[in-house]
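Undergrad: Right, I'll just put the structure down here and ask away after.
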């Protein structure tokens with residue numbers, strides 16, 4: 001065996017070197033970020049996760065390291081031992097925390113050279129221009145970049161802040177729940193795992209720890225939390241992954257007010273600890289009905305105005321046939337006021353074929369009527385213009401608070417269609433017209449969701465959140481139209497967390513299962529263990545779960561959760577680094593009693 005190599009221990013990380021260390025001999029380890037040769041003196045930028053420090057190799061002052069310094073290249077892994085010196089004042093670098101010092105490299109050792117051409121530059125602005133597929137293929141290089149390293153460290157600090165708050169200040173207990181569990185009928189598609197020991201039977205990977213955390217409340221754990229891995233086999237978007245992480249919490253003997261208050265303090269603690277931002281409390285609240293009526297969304301971005309205005313009353317008995325028909329059929333008419341929109345938005349974009357027309361029709365709207373507010377008149381299409389009386393024109397201006405130069409865009413039809421189409425249009429135009437202040441932080445709670453929504457394809461009700469959400473006590477007489485004791489936390493138009501009080505009485509849980517179309521036999525087969533647990537003394541309880549990836553993404557100012565996950569999947573649910581998913585050997589399938597029916601091409 002070769003003799004063991006003894007190297008000096010690291011005394012500092014690269015980004016920690018400061019003027020206080022001047023005159024000290026230090027040993028650092030890291031990667032060569034950049035090499036520069038200035039008049040025979042070689043400067044090396046040494047990088048690790050903490051930052052960058054400048055090394056100096058001088059043929060007179062550091063003759064031992066100088067020859068090797070001329071040979072190293074970007075991304076070589078090296079050890080350096082040297083003396084910390086102050087930089088000449090005219091060479092201070094204010095962009096670096098270490099910018100007032102440099103290290104004269106008295107010893108330099110290459111621990112690992114780069115044997116191949118780098119697929120992309122890890123440092124500098126060039127690194128930001130690399131296609132994402134290449135970055136994901138060489139993720140271990142991508143994660144060396146300052147931005148990505150910063151994101152991973154931010155994620156760590158968020159989790160650290162969560163643990164310290166929940167454990168040290170609130171008495172929560174961290175409990176791991178099973179990854180191999182059983183498939184349930186609600187929610188997205190499950191990832192299934194065949195059981196070799198029990199042929200013909202399957203595990204499912206958990207979409208959330210929902211049932212287990214409720215059982216922990218039955219068990220008397222009282223306050224539970226977990227940084228939980230979850231899995232959903234669904235179509236992917238920029239903010240979705242097949243496997244993701246959530247902060248999962250459950251609490252016994254707390255009402256909704258107590259849960260929201262505790263969670264506001266948690267979020268404020270995270271912002272203060274991680275970003276140094278003090279958030280005002282309490283957070284604003286809107287009911288689901290208010291949010292849909294005013295913003296056309298159950299996760300409204302309240303950083304800007306442009307609230308929807310219901311003008312149905314103005315068109316009662318209207319001679320404009322389109323609106324009259326909508327009202328006769330029980331629909332409504334709303335306006336999206338666009339400040340300054342008269343000049344900024346052309347008729348071409350609003351009429352059939354235009355991009356705004358296409359946007360609203362994508363969500364079920366029949367089209368976009370409009371009014372342009374001019375100094376002395378309202379300008380619109382002929383039929384609508386002819387139907388408006390002076391009193392109606394005045395009432396429209398009063399309701400919308402419109403001023404000359406504004407544009408009024410109409411939505412007419414069923415409430416759900418009008419709200420969603422105008423809500424989407426509101427966000428689109430708010431971004432396009434620069435009405436959304438980028439640095440604003442608006443957090444609010446949405447409460448009183450409906451218990452159920454109708455699934456037209458399956459001709460049945462389904463739980464809007466999940467079937468374990470407790471109905472509002474005032475609505476128990478008619479569960480199908482009941483409000484849920486559910487709440488979502490929305491940050492700048494993005495849902496970052498959601499939870500509810502839970503059902504803890506067997507008879508109510510059975511009624512909810514029946515409402516979503518489960519027979520008593522199906523309910524017992526799928527959830528008999530939960531129903532039985534409710535017979536043994538169950539505390540009132542509730543909880544919440546946060547999408548940790550999404551929360552960190554917003555804190556980091558990123559646009560995709562892939563940029564805050566170490567090894568993410570693509571939007572095709574593939575890992576470009578490892579090649580997963582992949583085919584497996586026939587022997588493995590045989591052991592699992594599984595056969596593939598897939599025929600390529």
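Numbering starts at 1 and runs along the chain as displayed.
Using N, Cα and C of the backbone, Cβ positions are placed for all residues, glycine too.
Reproduced below are the annotations present in Swiss-Prot:
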SITE      38  site 'Important for tRNA non-discrimination'
BINDING   186, 232, 465, 502  L-aspartate binding site
REGION    210-213  region 'Aspartate'
BINDING   232, 233, 234, 241, 495, 547, 548, 549, 550  ATP binding site
Undergrad: Tell me the Cα distance separating residue 495 (ATP binding site) from residue 465 (L-aspartate binding site), rounded to the nearest angstrom.
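TA: The separation of the Cα atoms works out to 13 Å.
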Undergrad: Just to verify a number: CA distance, residue 548 (ATP binding site) to residue 232 (L-aspartate binding site), in angstrom, no decimals.
TA: 15
Undergrad: So of all those recorded positions, 38, 232, 502, which one's Cα sits nearest to residue 550 (ATP binding site)?
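TA: Checking each of 38, 232, 502 against residue 550 (ATP binding site), the shortest Cα distance is to 232.
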Undergrad: Taking the residues 232, 233, 234, 241, 495, 547, 548, 549, 550, which the record names as binding ATP, find the longest CA to CA distance and state it in Å to the nearest whole number.
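TA: Site span for ATP, by Cα atoms: 20 Å.
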Undergrad: Specify the secondary structure state of residue 38 (site 'Important for tRNA non-discrimination') as given by DSSP, simplified to three classes.
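TA: Looking at the DSSP assignment, residue 38 (site 'Important for tRNA non-discrimination') belongs to a strand.
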Undergrad: Select the most exposed residue of 38, 232, where exposure means the fewest other Cβ atoms within 10 Å, treating these as the recorded positions.
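TA: Candidates: the recorded positions 38, 232. Fewest Cβ atoms within 10 Å: 38.
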Undergrad: So among 232, 234, 495, 502, all listed as binding-site residues, which is physically nearest to residue 38 (site 'Important for tRNA non-discrimination')? Use the C-alpha atoms.
TA: 495
Undergrad: For each of the binding-site residues (234, 495), count the other CB atoms lying within 10 A of its CB, then report the residue with the highest count.
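TA: Of the binding-site residues 234, 495, the most buried by Cβ count within 10 Å is 495.
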Undergrad: Say we define neighbours as other CB atoms within 10 Å of the CB. Which of the binding-site residues 465, 502, 550 has the fewest?
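TA: Ranked by other Cβ atoms within 10 Å, the binding-site residues 465, 502, 550 bottom out at 465.
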Undergrad: Counting every protein chain present, what is the number of Cβ atoms, excluding its own, within 10 Å of the Cβ of residue 548 (ATP binding site)?
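TA: So the number of other Cβ atoms within 10 Å of residue 548 (ATP binding site) is 25.
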Undergrad: Looking only at C-alpha atoms, tell me how far residue 234 (ATP binding site) is from residue 502 (L-aspartate binding site), rounded to the nearest Å.
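TA: Answer for this pair: 26 Å between alpha carbons.
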